[in-house]
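The structure under discussion is supplied below as structure tokens; questions concerning it will follow.
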Amino acid sequence: MAAAALLRRSPAARALLSPALSSRLVASKPHSSSPAPPPPPSKAGANTKTFSIYRWDPDSPSTKPHLKDYKVDLSDCGPMVLDVLLKIKNEQDPSLTFRRSCREGICGSCAMNIDGDNGLACLTKISSASSASTISPLPHMFVIKDLVVDMTNFYNQYKSVEPWLKRKDAPPQPGKEIPQTKADRAKLDGMYECILCACCSTSCPSYWWNPEEYLGPAALLHANRWIQDSRDQFTKERLDSINDEFKLYRCHTIKNCTHACPKGLNPAKHIDTIKKLQLEA
């Protein structure tokens, strides 16, 4: 300790000191033995948010569809809306029903309407607004229970565009892939990423008005995905099959679909591409 006192008084002594001794003296500096004070306790309800969730049970026909409020402590919850729904189901109301699977924006299962916008619950952050958040099913769809909607018509429309490779000739090399150039492969970008969550179609007023005749943004995006595929040999037949005043031309370029897509795709752009191809055919 005498050496340490000398160092504090004499800059010359500090300059002559070896690095090893200097490091030992620095390391020997006493530390406070008193523990750090604990953080102040949070106020009760300081981080509590209300969620108004659509409820309807077909097994209770006397109870009409309604919004039910749940208060959730966000200090003990993940950042996404799906975290809130899971917390409510696990801790408050096990009867709350919704679809979910991957929790990574890949499967499209947890599509719903959150504060007026369609989106995936697993990718939508909890609103920082102090007002209550409203969670409801995808709009203008038949509700099976709570936040679960009937996707039958949506999938039938997807199936109707025959979303698979169709060829008239045998592959150049039987049993092997059909090659594509990088440029041809790039034409599929912005279409193959669709996860069929139905956020786009159920945000479209034209789809609300004509859900059985109009194919909707998702199905038409997939139609164009195969129209643009250089390996497919049924381009004309695909264009002819959707050249209809309802199937295709019921799109009025409102572009709600582009705003709603949780994957950042642009269905309106690809519908416009199909319309231009119809004029050129």
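Heads up, the Cβ atoms here are built off N, Cα and C, so glycines get one too.
These numbers come from a predicted model, not from an experiment.
According to Swiss-Prot, the protein has these features:
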TRANSIT   1-25  transit peptide
DOMAIN    49-141  domain '2Fe-2S ferredoxin-type'
BINDING   CYS102, CYS107, CYS122  [2Fe-2S] cluster binding site
DOMAIN    184-214  domain '4Fe-4S ferredoxin-type'
BINDING   CYS194, CYS197, CYS200, CYS261  [4Fe-4S] cluster binding site
BINDING   CYS204, CYS251, CYS257  [3Fe-4S] cluster binding site
BINDING   TRP209  ubiquinone binding site
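Quick one: where do these features end up spatially?
Looking at the domain '2Fe-2S ferredoxin-type' (49-141) alone, the prediction's average pLDDT is 97.
A coil conformation is recorded for CYS107 ([2Fe-2S] cluster binding site) in the three-state DSSP classification, outside any helix or strand.
Tertiary proximity for the domain '4Fe-4S ferredoxin-type' (184-214) is limited to same-chain residues at least six positions away from its ends with a CB under 8 Å from its CB atoms, namely 105-109, 111, 118-120, 138-141, 151, 153-155, 158, 221-222, 224-225, 228-230, 246-247, 250-252, 254, 256-263, 265-267, 269-270.
Sequence-distant neighbours of CYS200 ([4Fe-4S] cluster binding site) (same chain, six or more apart, CB under 8 Å from its CB) are ASN118, GLY216, PRO217, ALA218, LEU221, ASN256, CYS257, THR258, ALA260, CYS261, LEU265, PRO267, listed in sequence order.
Mapped onto three states, the DSSP output places CYS257 ([3Fe-4S] cluster binding site) in helix.
The Cβ of TRP209 (ubiquinone binding site) lies under 8 Å from the Cβ of ARG250, each of these being in the same chain and 6 or more residues away along the sequence. TRP209 (ubiquinone binding site) falls within a helical segment according to DSSP.
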To the nearest whole angstrom, what is the C-alpha distance linking CYS251 ([3Fe-4S] cluster binding site) and CYS194 ([4Fe-4S] cluster binding site)?
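Cα of CYS251 ([3Fe-4S] cluster binding site) to Cα of CYS194 ([4Fe-4S] cluster binding site) measures 19 Å after rounding.
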What number of additional C-beta atoms lies within 10 angstroms of the C-beta atom of CYS107 ([2Fe-2S] cluster binding site)?
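Looking across every protein chain shown, the total is 17.
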Can you see whether DSSP assigns CYS194 ([4Fe-4S] cluster binding site) to helix, strand or coil?
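In three-state terms, CYS194 ([4Fe-4S] cluster binding site) counts as coil.
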When the Cα of CYS197 ([4Fe-4S] cluster binding site) is compared with the Cα of each of the binding-site residues CYS102, CYS107, CYS122, CYS204, which one is closest?
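That would be CYS107, nearest by Cα distance.
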Using the CB centroid of CYS204, CYS251, CYS257 as the [3Fe-4S] cluster site centre, which other residues of the same chain sit with their CB within 8 A?
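So the extra residues in range turn out to be CYS200, SER201, SER203, SER206, TYR207, GLY216, PRO217, LEU220, HIS252, ILE254, LYS255, ASN256, PRO267, ALA268, ILE271.
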Roughly how many Å lie between the Cα atoms of CYS204 ([3Fe-4S] cluster binding site) and CYS107 ([2Fe-2S] cluster binding site), rounded to a whole value?
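Taking the Cα atoms only, CYS204 ([3Fe-4S] cluster binding site) lies 21 Å from CYS107 ([2Fe-2S] cluster binding site).
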